Amino acid sequence: MSTPEVVREAQSTVAYNPLAKQKAAAKLSRIPIKVEQGEVLKKPEWIRVKAGSPTTRFYEIKEILREHKLHTVCEEASCPNIGECFGKGTATFMIMGDKCTRRCPFCDVGHGRPDPLDKDEPLNLARTIAALKLKYVVITSVDRDDLRDGGSGHFVECIQNIRALSPATQIEILVPDFRGRDDRALEILKAAPPDVMNHNLETAPRLYKEARPGSDYQFSLNLLKKFKALHPGVPTKSGIMVGLGETDEEILQVMRDMRAHDIDMLTIGQYLAPSNSHLPVRRYVHPDTFKMYEEEAYKMGFTHAAVGAMVRSSYHADQQAHAAGLQAGPQG
């Protein structure tokens, strides 16, 4: 079986418009790697997703989101669990627009020059959450390297508005790395710390140049460690994808690094390429291997480990948090 190769060179076959939202090939045309696809691996039988159904809340949720001009990472990143989650009335809200300043070649979120922040978004988000009567919400964002605080102030405004309208709702935030602005961002977040702090490492450090250009493995670890030092009572969380070319030992080492940086909760799921323009799947991890990861996670001291092919960082996030010991109601 042939193996896909990643060649570091500029791609210039797709016209680039910095003002437009770039997806797939257009988004990846200007990163210094070119993905050479080998033989496409056949999806194994354990990869199964549930499509949205008109008999569920799937379309109701989509309509409410459009009405309030909100985005979800479920839609923007083409999450395979969108049918199940929307059908159960849950979603991961994506704030600060739908154009990311990064071009990670595993991710399906669009790239481009971001729009100005919507000053009404925090209140619109809070009203939507109140209307849906959600008890647990996940708030994430695109990377906003154009903002002096990396968008941390906008996160705080969203948290404060949600708590004003839905004081019993628990809030998990899935943040970018606030590159070069982490100390400032953490200081700003003191005004309204979340109930769970999540930032994904995504993959092993060896693969960062290909998978997370512009990011730094140690920087991401330190972000969560610094937050934990400031808020020891707030659980910290991170996630990893498998299938990008890493080894099992590399995954276990990432897990050890997480625990060494006081990360409490862990998610591990199978990477699925959003398109042929994205990084290819280099292996499908067997359920037995996922079980091994889970067992090792608890041996290392994680309070909760959600591990499986279809697990994503915010998939069943409420169940993950409560299984880890998060008590009902905001943590303050």
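For all residues, glycine too, the Cβ spot is worked out from N, Cα and C.
Not measured: the values here are computed from a predicted model.
S314 ([4Fe-4S] cluster 1 binding site) counts 28 other C-beta atoms within 10 Å of its own C-beta, drawing on all protein chains shown. Among the features that Swiss-Prot reports, [4Fe-4S] cluster 1 binding site is placed at C74, C79, C85, S314.
Residues or ranges marked as [4Fe-4S] cluster 2 binding site in Swiss-Prot (evidence: sequence analysis): C100, C104, C107. Of all Cβ atoms in the shown protein chains, 25 besides its own fall within 10 Å of the Cβ of C100 ([4Fe-4S] cluster 2 binding site).
Sequence annotations record features per position, and here Swiss-Prot assigns domain 'Radical SAM core' to 85-303 based on sequence analysis.
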Mean predicted confidence [pLDDT] for the domain 'Radical SAM core' (85-303): 92
Nearest of the binding-site residues (C100, C104, C107) to C85 ([4Fe-4S] cluster 1 binding site), judged by Cα-Cα distance: C107
Residues that sit under 8 angstroms from C104 ([4Fe-4S] cluster 2 binding site) by C-beta distance, when 6+ apart in the chain: E202, A211, R212, P213, S215
Separation of alpha carbons, C100 ([4Fe-4S] cluster 2 binding site) and C79 ([4Fe-4S] cluster 1 binding site) (Å): 17
Mapped DSSP class for S314 ([4Fe-4S] cluster 1 binding site), helix or strand or coil: coil
